[in-house]
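Here the structure is laid out as structure tokens; the discussion comes afterwards.
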2 protein chains.
Amino acid sequence: MAQPLPPVPGIRLSAVPARIKDWQRDDLLLIEIAEGASVSATFTQNAFCAAPVLVAKAHIRQGDIRALLINAGNANAATGERGLKTAQQSCEGVAEELSIQARQVLPFSTGVIGEHLPVQKILDALPGAVDNLQADAWDTAARAIMTTDTRPKTASRTLDIAGETITIAGIAKGAGMIQPNMATMLAYVATDARIAQPVLDNLVKEAVSASFNRISVDGDTSTNDACVLIASGATGGAIAPDSEAYAQLKAALIDVHIELAQAIVKDGEGATKFVTVQVNNAASSEEALRMAFEIGESPLVKTALYASDPNWGRLVMAIGNAGAENLDTSKISVFLDEVQIVEAGGRAESYTEEAGQKVFEQSAFTITVDLQRGDASEHIWTCDFSHEYVTINAEYRT
Amino acid sequence: MAQPLPPVPGIRLSAVPARIKDWQRDDLLLIEIAEGASVSATFTQNAFCAAPVLVAKAHIRQGDIRALLINAGNANAATGERGLKTAQQSCEGVAEELSIQARQVLPFSTGVIGEHLPVQKILDALPGAVDNLQADAWDTAARAIMTTDTRPKTASRTLDIAGETITIAGIAKGAGMIQPNMATMLAYVATDARIAQPVLDNLVKEAVSASFNRISVDGDTSTNDACVLIASGATGGAIAPDSEAYAQLKAALIDVHIELAQAIVKDGEGATKFVTVQVNNAASSEEALRMAFEIGESPLVKTALYASDPNWGRLVMAIGNAGAENLDTSKISVFLDEVQIVEAGGRAESYTEEAGQKVFEQSAFTITVDLQRGDASEHIWTCDFSHEYVTINAEYRT
């Protein structure tokens, strides 16, 4: 794990064991946010979105959010009316303890789908959670929200803006079911800078688009995903969206999102490789991104990555499957890091299996496709498909 | 394997070893078609379609096809100009041996992508192949076209039409990379009935839509897929498309296609389960089919099938991911065979893990989703995702 995360003024955290499942670990995280903060979020696009997502969406629309409550072990998804009620109850529990209103609490759940949330356990754990709130608890927080993750995911930055030190800290969880549009992934990023609500609303979308919407572990999208960005406003004055300070802060915030997103891919279920897929000179950004995902999500490409087998036929197949209209395959080049494997749509003259294999044997590398038909370029991050992936997913519930 | 396939008057076959790879087996199949036959085909929609596909498409457009040449072990895909030339050369070789024209030959290749076809080996094997042509060779033909298939795939029917016995025989190959729109799959179905070219052209599309376009092993589409339907015309008079005889023949032909398609799923790489996904009462056929594939291709659903784990949360997640607009999840029911697992969007009151598990432990079962929002119903066939799948695909080339 990286170095400990710094406190973010205006934010306190508390991780406690609520025994959501029969385990010995922190599984409930409470995040308290100072009055006057801006809070923005993006949520899963799965039609079967979970009860806490529905409740969180309704609450955040009213603004003035003061607390987040996150539990691991149970997703409270596909739980019908009763699920909505338990999500609401947990917000009420937090509200009572913190003397705020229930609509000022955002609930989040991650874990098994379709089982009822043991809400009483959560309510019982809340007083202890509130007593335990502290600024310096980001690292235990990162552990409390883990499910099949093998390690906590954290990232931070500090910046000097107008003579003030501004801090950014972020945590994330998610390993399986990672896909664009927010897949079983939870991320919480906070800064003490002051950013107006509409500015933050745009910023979270841009940050997610540059980070969590560019990763893929297995192409499935979950019912519970959410990414929350908090600007507590505890330090310094409001940062105007056209200022140099804002540009600097925005870049750092996006960096933190990217670092967290990459950490999720690197911890993909059973993953042994971290692979960047870059598509250059496409006709449009949409075309480039679709092709990058087609390559990065193909089970045949992913098993070839696992085998350290530079099976360029599978790469070419995935390129051909990406729905790019009137694709002139004779113009296509493909590179594995600096090694050219495809030239003019066929195997590059200079290519040797040995050189390709050397690249694929690395734990991290880049596959670059050049379509030579436009000026749009996009990239995604993916991982390989291993025996371990099947084992984890075939045995998850038992 | 099923009972031996019967000869189809007007068709002769010959399987020989051309040593395309370093192996001891038949890997070259020649099919000779009587003069006056109708031949129709559908081909891969992958933009990177293989050299033989390009040549076969150009040839079939001119009609009057008299021979098919199929090799296993090398796909002649992504092989550029040289690939086109070798495909053309193999047609010329057949033409010379059979005293026909090269444009009357359709070439097909399956195997590793991106390596040059050893065309001289094919040319050398052709005289022996021609000497060996016989009507009664469907079963050895089915073996000669196998790649990662663990067993040959055959199906046949005989019908009595207007006092004549009409025969249908078919063979197919394909195990990995199976997906709608013709994925690394080759199928050849022949009948001795006389069917006019335009009628047969429609029939092959309908038959493929009802069979090979409804199967999925891993969601990838290959560069080489093709399905060919031959009506040799050797028996009986022309069958009018509005006749009872045609309806009967068409039903039997579609049955043969479905039997071959299902055999491919059952032999899916590493597959241990054969699963029908049925979506009922959708708003449109497109919506129903898309959802059936979303479920049938989800790696998380497929690993749950492998584990015999009726993880209904993953089913619900896949339903939610299928892009059905304004889906009212509270109306959704899901059944595992006759066992109701989801009712009104939540876990069915009557459901028990034991009952669900009993269904999932079978080698074949049906998952039925009822959306209660329209009257369109569609189904697909899929298989599970096993350790063996990863092993096969991580080691295919070595």
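Even glycines carry a Cβ here, placed using N, Cα and C.
Per TrEMBL, the features are as follows:
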type	residues	note
ACT_SITE	A:THR184	active site, nucleophile
BINDING	A:THR147, A:LYS173, A:THR184, A:GLU269, A:ASN393, A:THR398	substrate binding site
Can you tell me the CA-to-CA distance separating A:THR184 (active site, nucleophile) and A:LYS173 (substrate binding site), as a whole number of Å?
8
Fewest neighbouring Cβ atoms within 10 Å among the recorded positions A:THR147, A:THR184 goes to A:THR147
For A:GLU269 (substrate binding site), what is the secondary structure state per DSSP, taken as helix, strand or coil?
coil
Long-range Cβ environment of A:LYS173 (substrate binding site), under 8 Å and at least 6 residues apart:
A:ALA72, A:THR110, A:ALA142, A:ILE145, A:MET146, A:THR147, A:ASP149, A:PRO152, A:LYS153, A:MET185, A:LEU186, A:ALA187, A:ILE264
Let's check the environment of A:GLU269 (substrate binding site): how many other CB atoms sit within 10 Å of its CB?
26
